[in-house]
Amino acid sequence: MKMKSQATMICCLVFFLSTECSHYRSKIHLKAGDKLQSPEGKPKTGRIQEKCGGPCISSSNCSQPCAKDFHGEIGFICNQKKWQKSAETCTSLSVEKLFKDSTGASRLSVAAPSIPLHILDFRAPETIESVAQGIRKNCPLDYACITDMVKSSETTSGNIAFIVELLKNISTDLSDNVTREKMKSYSEVANHILDTAAISNWAFIPNKNASSDLLQSVNLFARQLHIHNNSENIVNELFIQTKGFHINHNTSEKSLNFSMSMNNTTEDILGMVQIPRRELRKLWPNASQAISIAFPTLGAILREAHLQNVSLPRQVNGLVLSVVLPERLQEIILTFEKINKTLNARAQCVGWHSKKRRWDEKACQMMLDIRNEVKCRCNYTSVVMSFSILMSPKSMTDKVLDYITCIGLSVSILSLVLCLIIEATVWSRVVVTEISYMRHVCIVNIAVSLLTANVWFIIGSHFNIKAQDYNMCVAVTFFSHFFYLSLFFWMLFKALLIIYGIFVIFRRMMKSRMMVIGFAIGYGCPLIIAVTTVAITEPENGYMRPEACWLNWDNTKALLAFAIPALVIVAVNLIVVLVVAVNTQRPSIGSSKSQDVVIIMRISKNVAILTPLLGLTWGFGIATLIEGTSLTFHIIFALLNAFQGFFILLFGTIMDHKIRDALRMRMSSLKGKSRAAENASLGPTNGSKLMNRQG
């Protein structure tokens with residue numbers, strides 16, 4: 001009897017405890033997020049399903065319950081006569097589930113029969129009212145008791161919102177003594193909702209400030225982290241990394257480098273946080289610490305508060321880098337690798353203002369913006385701790401540059417066509433000697449090369465690169481490369497011709513030999529360079545750029561096959577101009593100089609005007625590749641290059657008085673012929689016929 005009564009009491013006790021556990025289940029809540037997992041929030045399925053199953057009327061709303069084992073609902077809005085998902089609060093997480101294996105209630109119901117009676121406590125188990133309380137009780141050293149449950153949960157919008165509130169509560173209530181172990185557990189939880197697979201679900205969280213809350217919570221938690229050794233790597237998760245080091249006023253310039261993947265397959269995106277030496281001198285002699293956190297996917301999640309002047313979301317184009325520094329440090333330098341590396345992807349350095357919940361352009365200044373890399377100088381404050389780069393609304397390919405290029409190319413093409421017409425008109429009158437003949441051959445071939453190159457440039461600029469058009473684009477790039485090189489090599493031959501005319505006066509080369517040398521230099525050398533470049537780079541698909549029909553730079557540096565010859569030729573032409581300038585200042589040797597010397601002096605004058613202009617053009621072209629070049633240089637470069645044909649017409653043809661004289665003579669002869677024809681028509685025979693007709 002005694003044993004039976006004892007067993008009966010134990011069974012009653014187990015039943016009582018189970019009843020009490022179910023009673024307290026409804027009281028367990030997240031401090032700031034009880035709406036996320038409240039069981040009373042379950043929708044009534046009948047009416048809701050009928051509403052969503054009914055007709056879709058514009059701007060109407062409906063909702064449906066979540067799947068089994070989830071609390072909350074899914075909201076829909078009618079758009080273009082179709083129901084579209086607008087919000088979701090489906091969550092499978094709760095404070096109860098986080099600590100269900102640690103409260104002892106579930107274990108007690110199984111193990112109670114083997115527990116001696118005097119050990120059993122007839123009081124109800126202590127309820128866990130908050131996450132902070134559960135962590136303090138079960139895993140105060142590393143938060144590991146919550147990570148497995150969180151990492152095994154689905155990344156629904158409701159679960160993401162729950163985890164954000166979870167991290168927010170931890171940052172607020174448990175950040176008094178943050179160790180490396182706590183930071184690792186905290187980051188594991190954050191990493192789960194920063195996964196690329198979860199990004200799309202952030203859009204359906206009713207709380208639009210959830211992403212900003214996450215960033216602020218991580219920064220707040222990291223601010224209390226204590227580094228006990230000099231190791232830089234603290235957290236190395238896939239979507240969140242934390243590094244840090246000790247610093248003081250004697251520390252040399254320090255930097256933290258990050259390399260993170262946007263997802264599991266793409267190549268890594270780089271970022272760097274640098275503390276200048278002048279800033280480190282502001283520190284006290286006692287040691288301080290600097291911590292930085294990198295997020296590769298957070299930029300796609302962060303939602304700005306309403307901006308009056310911004311109609312569309314501003315796209316983040318790099319890592320989001322947070323920094324935690326001593327208060328005395330105010331300036332840092334950050335380097336970002338662009339995610340989108342196309343030519344149009346110009347950058348804007350920004351800092352995240354935690355109170356305004358938006359990107360602040362005033363927090364940073366641009367130091368460098370090239371194709372792949374952006375360097376920013378930013379001001380660090382208590383409210384601006386995170387930084388990144390945005391796709392700038394102001395692109396270097398501005399409409400102004402487009403207009404300059406279109407107008408300039410039109411003028412250039414018309415000028416080159418007019419130049420060739422003039423040369424054809426006066427050819428027989430101006431090619432008197434070998435030197436003058438070769439000079440005009442150079443002008444004609446320079447005009448032809450530039451005209452053809454401009455035509456190919458226009459074809460390439462309006463060319464849509466598709467998989468099936470790849471070979472055509474390679475051809476466009478090849479011909480543009482070849483004819484632009486021909487332009488410069490004919491300029492080189494013209495310069496060599498001037499040197500030949502100055503230093504070789506009495507011994508002349510045959511015209512046919514000069515023509516062979518001219519065409520070998522003007523077309524042979526460019527052909528060899530262009531063909532060699534294609535042969536080396538194209539087997540790896542590295543001859544042209546992926547976004548334009550022009551020479552590749554990022555992968556194979558094929559652009560050097562154009563830039564190096566062009567710049568070398570410009571340098572040679574400038575040297576020739578200096579040589580000509582020195583020789584023209586020398587006194588003439590009597591009156592015995594041949595007519596060719598006079599022609600050479602006239603040619604030298606023209607080249608002295610033309611070559612600096614072309615050299616200046618490509619000098620500005622170099623400037624556009626230098627770090628942090630302003631828009632002014634791009635505009636000047638576009639102007640000078642777009643109007644090259646006009647410069648050739650002006651300085652190579654119109655300013656040559658021989659050509660002007662030949663044109664006048666040509667016009668006079670045409671007028672003389674027309675007058676002779678008119679007089680002939682009024683001769684005696686024709687006159688009598690005319691009188692007879694009138695009679």
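Just so you know, glycine gets a Cβ as well, placed from its N, Cα and C.
The compositional bias 'Polar residues' annotation in TrEMBL covers 682-695.
TrEMBL lists 249-397 with the feature domain 'GAIN-B'.
Per TrEMBL, the feature domain 'G-protein coupled receptors family 2 profile 2' maps to 401-656.
According to TrEMBL, the region 'Disordered' annotation covers 674-695.
Annotation source TrEMBL lists signal peptide at 1-21.
Outside the transmembrane segment (400-422), and at least 6 residues removed from its termini, the chain residues within Cβ reach (under 8 Å) are 443-444, 447-448, 450-451, 454-455, 457-458, 634-635, 638-639, 641-646, 648-650, 652-653, 659, 663. Summarising the annotation, TrEMBL assigns transmembrane segment to 400-422 (among others).
Residues annotated as transmembrane segment in TrEMBL: 443-463 (among others).
According to TrEMBL, the feature transmembrane segment maps to 483-503 (among others).
Summarising the annotation, TrEMBL assigns transmembrane segment to 515-537 (among others). Packing against the transmembrane segment (515-537) from elsewhere in the chain are residues 438, 441-442, 445, 449, 474, 478, 481-483, 485-486, 489-490, 492-493, 496, 543, 551-552, 556, 558, 561, 565: each is 6 or more residues past its ends and has a CB under 8 Å from a CB in it.
Residues or ranges marked as transmembrane segment by TrEMBL: 557-582 (among others).
According to TrEMBL, the feature transmembrane segment maps to 603-626 (among others).
What TrEMBL lists as transmembrane segment is 632-655 (among others).
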Mean predicted confidence [pLDDT] for the domain 'G-protein coupled receptors family 2 profile 2' (401-656): 79
Within the domain 'GAIN-B' (249-397), residues counted as helix, strand or coil by DSSP: 11 helix, 68 strand, 70 coil
